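Inspection log for the structure reproduced underneath, given as structure tokens.
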Amino acid sequence: MSKRLSIKEIDALLRQGDASIDETFLAMLKADERKGVQSALKRYERQLEKEKALWMEHEEMLAYEKDLWAKGYEHVAGLDEVGRGPLAGPVVTAAVILPKDVQLPGLTDSKKLAKETRESFYDRIKEVALAWSVAIVPVTVIDEVNIYQATKQGMMSAIDQLSVNPDALLLDAMNLPLSLPQQSLIKGDQKSLSIAASSVLAKVTRDRYMADLANRYPEYGFERHVGYGTEEHLAALNAHGITPEHRRSFRPVQETAATRQTS
């Protein structure tokens, strides 16, 4: 790069992470007196720091997997659920087995990710995973056995559906009646990459389910609150009553049903 580049050209190179960027080039930019060059350089350095932090977090979130891999457990499945708290809709569970060379920087608890980022990870996880599965447990089962047992059933089903048999499990605050070695981690979707991956698959699947439900019952606003007991949802329950997708074993739904029967 012998000729003096314009600020626009420099900014484009830095934004693209061009292969020609080396220590010599960066030293040249630091010595450049133009304010626009210094602004572009600072932006580039901030981006590098951000990427470095993401990779550090990525390594930290593989600590549990690496420990199990080192002990000879080749196929470690992470499991998580989405939808235990809502008044309507299913609880969705997912299981994911990641390869040892997995690269998913930025992946964390699905609730902390923007929708577009979550959707992107959803596709990427399915591409790179050794195996993945999703189980949807309907309202009828939730009402029959309770939400905790329904969640367990969903996780067992997700494990059964995996195309690769896991030999160890990482779970988000759950224990399953299985002989497989398993670790239950509080806030596991923030501590384990495998659990975080399963939380993304579960959440995207459930959000899409609730969006479809919103088309069937547009007056309830399911596309916004996804079944949780928000003010909007409770008002819709009082105004329109209970749908087949509402959990009759949950108190706010029971109270709505009782109120409408006596009115």
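Just so you know, the numbers here start at 1 and follow the chain as drawn.
Every residue gets a Cβ built from N, Cα and C, even glycine.
Quick caveat, the model's predicted, so the values are computed rather than measured.
Feature annotation from Swiss-Prot assigns domain 'RNase H type-2' to 74-262. Mean pLDDT for the domain 'RNase H type-2' (74-262) in the predicted structure: 96.
Swiss-Prot lists D80, E81, D172 with the feature divalent metal cation binding site. Neighbour list (D172 (divalent metal cation binding site), Cβ cut-off 8 Å, at least 6 residues apart, same chain): L79, D80, E81, S184, L185, K187, G188, D189, I195, S199.
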Additional residues surrounding divalent metal cation, by Cβ distance to the D80, E81, D172 centre under 8 Å: L79, V82, T93, A94, M155, L171, A173, M174, G188, D189, I195, S198, S199, A202
The one of D80, E81 whose CB sees the fewest other CB atoms within 10 Å, among these binding-site residues: E81
Secondary structure at D80 (divalent metal cation binding site), reduced by DSSP to three states: strand
